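Before any comments, here is the structure.
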Amino acid sequence: MDKKKLVLIGNGMAGIRTIEEIIKLLPDQFEITVFGKEPYPNYNRIQLSKVLQGDTELKDITLNEWQWYEDNDILLYPGETVTKIDKDQQVVYTDKGKETPYDYLIIATGSNPFMLPLLGADKEGVTAFRDIEDCEKMIDASKNYKRAAVIGGGLLGLEAARGLLNLGMEVDVIHIADYLMERQLDQPAGELLKKELESQGMNFLLEKQTAEITGKKRVTGLKFKDGGWIPADLVVMAVGIKPNVALAQESGIEVNRGIVVNDHMETNVPNIYSVGECAEHDQMVYGLVAPLYEQGQALAKHICGMNHQGYKGSVLSTQLKVSGVDVFSTGLINETAETKSIKVFDEWQNTYKKILVQDDKLKGAVLFGNTKEGTKLLSLIKKGANVEDYLESQSAADDGESIVASMSDDEIICGCNGVSKGAIVSAIKSDGLTSVEEVKGATNASRSCGTCKNLVSDLLTDTLGDEYEADTKETVCACTDLSRDEVIAEIKEKGLTHTKEVMNVLEWKTEEGCSKCKPALNYYLGMVYPKEHEDERESRFVNERLHANIQKDGTYSVVPRMYGGVTNAKDLRTIADVAEKYDVGMIKLTGGQRIDLLGVKKEDLPDVWKDLGMPSGYAYGKSVRTVKTCVGAEFCRFGTQDSTGMGIQLEKKFEGLNTPHKVKMGVSACPRNCAEGGIKDVGIVGLDGVWEVYVGGNGGTELRKAELLVKVKSQQEVLEYTAAFLQYYRENARYLERSSHYLERVGIEHVKEVVNDDQLRKELNVRMDEALGVYKEPWNEVLESETTLKDLYQKVTAK
Ligand SMILES: Cc1cc2nc3c(=O)[nH]c(=O)nc-3n(C[C@H](O)[C@H](O)[C@H](O)COP(=O)(O)OP(=O)(O)OC[C@H]3O[C@@H](n4cnc5c(N)ncnc54)[C@H](O)[C@@H]3O)c2cc1C
Ligand SMILES: NC(=O)c1ccc[n+]([C@@H]2O[C@H](COP(=O)([O-])OP(=O)(O)OC[C@H]3O[C@@H](n4cnc5c(N)ncnc54)[C@H](O)[C@@H]3O)[C@@H](O)[C@H]2O)c1
Ligand code: SF4
Ligand code: FES
């Protein structure tokens, strides 16, 4: 029997998944030809975000290798575009002059990114984020340019912004709505997300509409409708997508927003089908793979002549792929007159959960901070479960039962690929699978966005028990399989002294490292070899590179050192003169009792420092910041000790000390604790004849009360114990681990044991003195270097 000719236009995720399903159902029944505009085999578009973020490489995102096409007798024409469909003759034509007849034609041309028709949108440096070329363009730009602007605060824009930060760029995200991801989240979740991403270094301009892209040949910035302007060397447009329907429309196929199809993915023209982002089913056009794969499955069954009810539409769920951010939504996201909601906002843990219920049925959910329940909720909503089913599954989880254990066999573990718990468990048992990779190969679970990997891992544990050893080691970042401790041990053993050397010798997976490992390695090297290691400015975060804090509008803030929060008339006069001379936007007193000059232009920074003539207050660094003091015994009637003098001594001693994360201190002269030592990394409280030293407090998003380390008698001992604690923290915490998190992990008793041991305390003090011995005042250092002034601040000499 002659094989039927099956032609696929579009070598992308939806089209090729359909072919895979067809081959599974009826191998060798079709003569398959695939045309793909892009010159690659089918690749995982979803993982482009991970490539940009440095978590994976382009070579690792191929879904179907060239060999797969050969093995399945598929004729692939990569880099070839179909330009015309003759629906009467059943022939397609390409831009390379090829004519190919078909019995069945599948159009899976996907989408085009929506490019805002702005003046200047054709300039060099303006790009979308859709394919490998766009990804490469951004990576190249990051090597030569510093400032990126991403237009669009949706899933794509935020994933792009995270990637550009990882590539060392400063990133502004310009968003039209009043909160992020407004199409996928409700306002509280959108606002929590903004806070979290800001803490990762992203800068947001909300409710902003871009009017023009400025520059001559290459982009120099963005002008807004409200008259504002920001500088940018790279502009990424991520404002949504448009189904790619031109070919179908020109060939006389019915098109609305997408190519109109019925439940069997048939267009209005016989033998022509459409799947993927270009197809419109029941007035819906989808932009996520899970529904597209469901469409592919339905179409495959139809083409193979299997009995099937067809495609009936999908319940969507989304998850942002940015490390350190857990956010999930599915179904309805905003309340209506008919819905009731279950809401939990845990300010302590910074988690938020909202579940929407209508007529007792679960209709939607938004999760922030902890998304473990996401898959379960999606599954229940898809099933049309009622709220009691959900509450029951919750109490099972509260009883310690793992989420996967409480799921029924038909519940979906991998939303992207529609793989159920039952299918995975049966594959684990029948094929003897023992790793997430093997489950992926056998079932497709975790093959797309990868967010279900943890659930697959939990299922392996649940099914295999002790036979399955999950890889729980926390690596420095995705560039290496080594943990922090292993890297430090290697640095010591092999005498490594430069980040590049560490990456080379320890076989880093990326040539340049990423924004996670570069500053971490620079810190570890400085901690291990304080004298020998030369600080690598290029490995530091932008604020530390520039010795000032970047603000929302691209200006900087300057905080001069003011030991113990004490100043004098002369310094205040100087500060006032500088503020006037450089037109400082705002003068603000900080929570740490310092004066903050906000709104300084980058190019003015060196002149501002020179005119101030004061040391840097280090308000931007992963280092000892401020020591807040109360007025103490000299003036306060409750005061028992000289808290101000103690604070000044502490600040002078530890000034500029590099630490895993910022370190704040407070010294009070009685238990009323006006300097708030209870929420500082180091808090000192003076009592009659005694000083109490508290450690590990935090007053930020994760409020934590400091714990008592020791009671001592003299100021000298306060300095000695504080030094021992800080040095131990420096040597043992992970980079970017606050002292509060560190203590949470190791426990106060362990740290007490160490610093109360006379010998160990002495040794820690010796190493601390070594580290303090290399301190150089950074503002002066910059002023003395013509090259730094020129490279970083575009200044030839300070006035
Ligand atoms: C950076 C990024 C991250 C994403 N992350 C996620 C995620 O986490 N989860 C999720 O569910 N979705 C995600 N998506 C969306 C997901 O990638 C898409 O929904 C999916 O790729 C669409 O598949 P498709 O086959 O319809 O289109 P595509 O994958 O775009 O494939 C269409 C192909 O057809 C080709 N083509 C077009 N016209 C012609 C023609 N005339 N002749 C020949 N070839 C043609 C195109 O060049 C393209 O290669 C992400 C998208 C991007 C860009
Ligand atoms: N993790 C994921 O699931 C993931 C990741 C990336 C992309 N995607 C998919 O890729 C597609 C494209 O993503 P997207 O984020 O571009 O689409 P989107 O529609 O989800 O978001 C676009 C955002 O841009 C904003 N916007 C629109 N016009 C604007 C303007 N003029 N200025 C500033 N902001 C503007 C919108 O308010 C919206 O929030 C979507 O289908 C998305 O689902 C998914
Ligand atoms: S902490 Fe005590 S001593 Fe210090 S200012 Fe407050 S009340 Fe006075
Ligand atoms: S949920 Fe995306 S790969 Fe499984």
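Heads up, the Cβ atoms here are built off N, Cα and C, so glycines get one too.
TrEMBL labels come from automatic prediction, so no person has curated them.
Residues or ranges marked as [4Fe-4S] cluster binding site by TrEMBL: CYS630, CYS636, CYS670, CYS674. Among the features that TrEMBL reports, siroheme binding site is placed at CYS674. Residues or ranges marked as domain 'FAD/NAD(P)-binding' by TrEMBL: 5-283. Feature annotation from TrEMBL assigns domain 'NADH-rubredoxin oxidoreductase C-terminal' to 317-384. The domain 'BFD-like [2Fe-2S]-binding' annotation in TrEMBL covers 412-460, 476-525. The domain 'Nitrite/Sulfite reductase ferredoxin-like' annotation in TrEMBL covers 551-612. Under the heading domain 'Nitrite/sulphite reductase 4Fe-4S', TrEMBL lists 621-758.
Location within the structure of each feature annotated in TrEMBL.
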residue : record                        : CB count, 10 Å
CYS630  : [4Fe-4S] cluster binding site : 28
CYS636  : [4Fe-4S] cluster binding site : 16
CYS670  : [4Fe-4S] cluster binding site : 20
CYS674  : [4Fe-4S] cluster binding site : 19
Closest-packing stretch to the domain 'BFD-like [2Fe-2S]-binding' (412-460), where packing means Cβ pairs under 8 Å, from 5-283, 551-612, 621-758: 5-283
Per Cβ pairs under 8 Å, the stretch of 476-525, 551-612, 621-758 packing most closely against the domain 'FAD/NAD(P)-binding' (5-283): 476-525
[4Fe-4S] cluster site shell beyond CYS630, CYS636, CYS670, CYS674, criterion: Cβ within 8 Å of Cβ centroid: VAL631, GLY632, PHE638, GLY639, SER643, SER668, ALA669, ARG672, ASN673, ALA675
Three-state composition of the domain 'Nitrite/sulphite reductase 4Fe-4S' (621-758), taking helix and strand from DSSP: 51 helix, 34 strand, 53 coil
